[in-house]
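> Below are the structure tokens for one structure; questions will follow.
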Amino acid sequence: MKPTTISLLQKCKQEKKRFATITAYDFSFAKLFAEEGINVMLVGDSLGMTVQGHDSTLPVTVDDIAYHTRAVRRGAPHCLLLSDLPFMAYATPEQAFENAAAVMRAGANMVKIEGGAWLVDTVKMLTERAVPVCGHLGLTPQSVNVFGGYKVQGRGDAGQILLDDALALEAAGIQLLVLECVPVELAKRVTDALTIPVIGIGAGNVTDGQILVMHDAFGITGGHIPKFAKNFLSEAGDMRAAVRQYIADVESGVYPGEEHSFH
């Protein structure tokens, strides 16, 4: 089996073929996801909440991400694997490069960082040194204390700022962008404006791809359930069928529906 590359996702965007991605944190689930057809996975700092039981992503360390990256890579050797750089792991370009190198050595193909135009120098530093970068705009969970909670971003005048940030990051060299919890109308503007693939979560069905936290897809999230989440396991009956249903619904545009979207 050939490894999945960013070129495949670029081709999907050009051909307007939606693609499904998911978070993964261990060998067994990564193997299951790969076997059922998911070719792109994210070792997200969401593991701080879903795996470690914290109330935010802030306690997650680079060592945590590297540990889970190694496990996922063993389970899905051919997937395109993205790994988060966690809170305060990229305060300077030099720090970002050191920590990105550790995560790449663990098996990541690309690192994801949260933030806007202030990250331009960091993105350039990484890409010039052969570290592919995925950006993340909108609701960026590492900034939860600044936002005052998990709220929809990019409404009103903030939408233009977000679009400008996306264009600046693309010009700096990011190869993917995650858009989280933004109005559908803004998600479409960003997706149309960028030449790189855009992956949405809580951004409607207008982005090139979708991502879900695996616990949300299986309905095993404790506490608050995000509006954009859907429990595919309740309809499918078993985990493998749930993954296949998730992929099919993303590719057809059925998911996310209006009930999962913001305006």
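Yeah, the Cβs are placed from backbone N, Cα and C, and that goes for glycine too.
Swiss-Prot lists these features:
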{"type": "BINDING", "residues": "Asp45, Asp84, Glu114", "note": "Mg(2+) binding site"}
{"type": "BINDING", "residues": "Asp45, Ser46, Asp84, Lys112", "note": "3-methyl-2-oxobutanoate binding site"}
{"type": "ACT_SITE", "residues": "Glu180", "note": "active site, proton acceptor"}
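On this model, are these features tucked inside or out on the surface, and what's nearby?
Secondary structure from DSSP puts Asp84 (Mg(2+) binding site) in a beta strand. Here Asp84 (Mg(2+) binding site) comes close to Leu42, Val43, Gly44, Asp45, Val60, Ile65, Val111, Lys112, Ile113: these same-chain residues lie at least six apart in sequence, with C-beta atoms under 8 angstroms from its C-beta.
Around Asp45 (Mg(2+) binding site), taking its Cβ as the centre, 28 other Cβ atoms fall within 10 Å, counting all chains.
Counting Cβ atoms from all protein chains shown, Glu180 (active site, proton acceptor) has 24 others lying within 10 Å of its own Cβ.
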> Roughly how many angstrom lie between the C-alpha atoms of Glu180 (active site, proton acceptor) and Ser46 (3-methyl-2-oxobutanoate binding site)?
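Taking the Cα atoms only, Glu180 (active site, proton acceptor) lies 13 Å from Ser46 (3-methyl-2-oxobutanoate binding site).
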> Measure from the CA atom of Glu114 (Mg(2+) binding site) to the CA atom of Ser46 (3-methyl-2-oxobutanoate binding site) and give the result in Å, rounded to a whole number.
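Between the alpha carbons of Ser46 (3-methyl-2-oxobutanoate binding site) and Glu114 (Mg(2+) binding site) there are 13 Å.
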> Sequence gap of 6 or more, Cβ distance under 8 Å: name the residues on the same chain that satisfy this around Glu114 (Mg(2+) binding site), in order along the sequence.
His136, Leu137, Thr140, Pro141, Gln142, Ser143
